[in-house]
Amino acid sequence: NLIDFKNMIKCTTKRSVLDFADYGCYCGSGGSGTPVDDLDRCCKVHDDCYGEAEKVHGCWPKWTLYSYDCSNGQLTCKDNNTKCKDFVCNCDRTAAICFAKAPYDDNNFMINNPRCQ
């Protein structure tokens, strides 16, 4: 769910989730156009993963509760007993790890929406 995802981001990046709420064309609500950089691509992949969770698996990824561990910046999805919990946890885990690896460019925070056409 979105609260767990926020905490995963904090675990891997030590940044506030607000730093990612309006970044590039895909980080935050919705998304369109071409991702502006690697971090924005992470967000597009995460959006696509949530889309697959909804369409293919019938999940509600923004509300699906799951279990995970965070230790020294390492994320592990725990033994989630349903396909939705496991799938959504891995969507969020993959994105949080991707966020940690991708450079953060302040110039891509709150960018002009026409760049995302």
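Residue numbers in this text run from 1 along the chain shown.
Just so you know, glycine gets a Cβ as well, placed from its N, Cα and C.
As annotated in Swiss-Prot, Cys98 shares a disulfide bond with Cys42, one of the listed residues Cys42, Cys43, Cys49. Swiss-Prot annotates Tyr26, Gly28, Gly30 as Ca(2+)-binding residues; of Asp4, Asp47, Asp48, the candidate listed for that same site is Asp47.
Candidates considered were Cys25, Cys27, Cys70; Swiss-Prot assigns the disulfide partner of Cys43 as Cys27. Take the candidates Cys25, Cys49, Cys59; Swiss-Prot pairs Cys91 in a disulfide bond with Cys49. For Cys89, the cysteine that Swiss-Prot lists as its disulphide partner among Cys77, Cys84 is Cys77.
Taking the mean position of the Cβ atoms of Tyr26, Gly28, Gly30, Asp47 as the Ca(2+) site, the remaining same-chain residues with a Cβ inside 8 Å of that point are Cys25, Cys27, Ser29, Gly31, Cys43, Lys44. For Cys91 (disulfide bond), the number of other Cβ atoms no farther than 10 Å from its own Cβ, over all displayed protein chains, is 25.
The number of other CB atoms found within 10 A of the CB of Cys77 (disulfide bond), across every protein chain shown, is 20.
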